[in-house]
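Enquirer: Residues or ranges marked as pyridoxal 5'-phosphate binding site by Swiss-Prot on the basis of similarity to another entry: Asn80, Gly184, Thr185, Gly186, Gly187, Thr188, Ser272. Swiss-Prot lists Lys49 with the feature N6-(pyridoxal phosphate)lysine.
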Amino acid sequence: MAESGQSIASDVTALIGNTPLVYLNKVVDGCEAQIAAKLEIMEPCSSVKDRIGYSMITDAEEKGLITPGKSVLIEPTSGNTGIGLAFMAAAKGYKLILTMPASMSMERRIILKAFGAELVLTDPLLGMKGAIQKADELAAKMPNSYILQQFENPANPKIHYETTGPEIWKATAGKVDILVSGIGTGGTVTGTGKYLKEQNPEIKIYGVEPTESAILSGGRPGPHKIQGIGAGFVPGVLDVNLLDEVVQVSSDEAISMAKQLALKEGLLVGISSGAAAVAAIRVAQRPENKGKLVVVVFPSFGERYLSSVLFESIKREAENMVFEP
């Protein structure tokens, strides 16, 4: 507890949320609307999933489903939810086992292990379905285990309804017209979108999914490079009725935009942020959106993707550098 006059957080969980918004200025050619990015890259562990790491564990504790030091937490993850859970598990004293497709970045593996999590890699061709299946197998053999089920857990969208949505409404003084959010579990777009539409039913909600795995648009699941979205199935927590439209973005478009955001806006973001930005720009370029305000969620920090295709060419260049005499 901070003394009077001090502003010191009681523990790391108190630092979650209240992330800033910033206008995009250099990548918005041809836009009729303004675009403001919600920087979830500024969470304690650098992603929007810090929110649900907190909410799912806290919710399970309040319901008496888990106990620190006794319960073993298990979760399938593409990485960022795992990190959100791992720092929470470390702070609260839980053993955590995570199942993750082997295609996810090396940084994710290292960070998860740094927090003490046990990591089980699954066949990348099976995507998140493979990770979910492995988590179920482990839980069936392990007493005192509990799967948090981010794709089905109501505590996922609930935290966005209680925090992310109100934060956007407050920061924009209620002037937000459009929300653009990538869809992984669907928790962010569902909780945030529900809150915003309750404040103003005219607000439009746009989801983003990979062109290569456009399930929500009626396509087939497939491999793609946009880590964190496009799980290959319709998540249970996603309320598709909130979506006014789903925008498809290719992996190449997402990667290119993520690079441009670093070079032109000074924002080092992940590939899914690039995808969300591409979608937001497309929506902002529509004549009917002239003068409106688009808020786009940037879910994660770019440093988590240094070993991925996003920085492949820069990594090679950096590795081949030699010192000057």
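Quick reminder: no glycine exception, Cβ is built from N, Cα and C everywhere.
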Enquirer: Can you see whether DSSP assigns Gly187 (pyridoxal 5'-phosphate binding site) to helix, strand or coil?
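Expert: Assignment for Gly187 (pyridoxal 5'-phosphate binding site) reads helix.
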Enquirer: Specify the count of other C-beta atoms within 10 Å of the C-beta of Gly186 (pyridoxal 5'-phosphate binding site).
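Expert: Around Gly186 (pyridoxal 5'-phosphate binding site), other Cβ atoms within 10 Å: 28.
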Enquirer: On the three-state reduction of DSSP, what should I expect for Asn80 (pyridoxal 5'-phosphate binding site)?
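Expert: It is helical.
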Enquirer: Report, in whole Å, the straight Cα-to-Cα distance of the residue listed as 'N6-(pyridoxal phosphate)lysine' from Gly186 (pyridoxal 5'-phosphate binding site).
Expert: 12
Enquirer: What's the CA-CA gap between Gly187 (pyridoxal 5'-phosphate binding site) and the residue listed as 'N6-(pyridoxal phosphate)lysine' in angstrom, rounded?
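Expert: A Cα-Cα distance of 10 Å.
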Enquirer: Rounded to a whole angstrom, what is the largest C-alpha distance between any two of the residues Asn80, Gly184, Thr185, Gly186, Gly187, Thr188, Ser272 that the record assigns to pyridoxal 5'-phosphate?
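Expert: Across Asn80, Gly184, Thr185, Gly186, Gly187, Thr188, Ser272, the two farthest Cα atoms sit 15 Å apart.
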Enquirer: Check the binding-site residues Thr185, Ser272 for other C-beta atoms within 10 angstroms of each C-beta and report the one with the most.
Expert: Ser272
Enquirer: Expressed to the nearest Å, what is the distance separating Lys49 (N6-(pyridoxal phosphate)lysine) and Asn80 (pyridoxal 5'-phosphate binding site) at their Cα atoms?
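Expert: Approximately 6 Å lies between the Cα of Lys49 (N6-(pyridoxal phosphate)lysine) and that of Asn80 (pyridoxal 5'-phosphate binding site).
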Enquirer: Take the mean position of the Cβ atoms of Asn80, Gly184, Thr185, Gly186, Gly187, Thr188, Ser272, the recorded pyridoxal 5'-phosphate site. Which other residues of that chain put their Cβ within 8 Å of it?
Expert: Val48, Lys49, Thr81, Gly182, Ile183, Val189, Gly228, Ile229, Pro299
Enquirer: Here are the binding-site residues: Gly184, Gly187. Which has the lowest count of other Cβ atoms within 10 Å?
Expert: Gly184
